[in-house]
Amino acid sequence: MSDQEKYDQIFESNRKWIEKNKVDNPELFELLAAEQHPDFLYIGCSDSRVHPNQVMGLKPGEVFIHRNIANMVNSIDLSALSVINYGVEYLKVRYIIICGHYGCGGIQAAMQNLDYGILNPWLRSIRDVYRLHQKELNAIEDMEARYRRFVEINTYEQCRNVLKMAEVQKSYYKNGYPKVAGWVFDIEDARLHDLHFDFEGELAKIKEIYDITGKVE
Ligand SMILES: [Zn+2]
């Protein structure tokens, strides 16, 4: 199939999908036309194999989604921060989920001593996570095991980064939500693993340095 044919097929598939759903699943169109009230904000990797709605078994309107390379929440990434802000302040999501995945190319690239050009600053923020956990990671001799562990650690660290945001702290103290969770998706068997991010414990731990709920006089 040529590139043009692959491209054209998308519109053909879309047309068939509409026809099929009109018969099998007519309520889908009501869902799409309705206002969104998702309970979940999902922040995952851009990897084409990890599809949030399918993985979570959720319908359109049930999960607000942000994706980037290696599911990062960087403090100067206006895109990720805007999504979180909107999710917390306006959609009032109950959970913010960071979802990493084994076999993550971004994590793998960050573990290599190579010049990735424009990707370097992005990878640096992942390497910074490695540095924070260098001792534990270096102690794992098997490189595949170390890679898998780094995926988990990075996911956990991004959960911590979400907790550092004022709107998340303020909303949680006031409303009891959102809570933050960390998951890893295994692309080998399509299973989701809950890292059991210690939300309350981590929030208490980082409070001394990152509590920013006070008012500047
Ligand atoms: Zn990835």
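Using the three backbone atoms N, Cα and C, a Cβ is placed for every residue, glycine included.
Per TrEMBL, these features apply:
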type	residues	note
BINDING	Cys45, Asp47, His101, Cys104	Zn(2+) binding site
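Around Cys45 (Zn(2+) binding site), taking its Cβ as the centre, 25 other Cβ atoms fall within 10 Å, counting all chains.
With the fewest other Cβ atoms inside 10 Å of its Cβ, the least crowded of the binding-site residues Asp47, His101, Cys104 in this structure is Asp47. Listed in chain order, the extra residues whose Cβ falls within 8 Å of the Cβ center of the Zn(2+) site residues Cys45, Asp47, His101, Cys104 are Gly44, Ser46, Arg49, Val50, Ala70, Asn71, Gly100, Gly103, Gly105, Gly106, Ile107, Val151, Phe185, Ile187.
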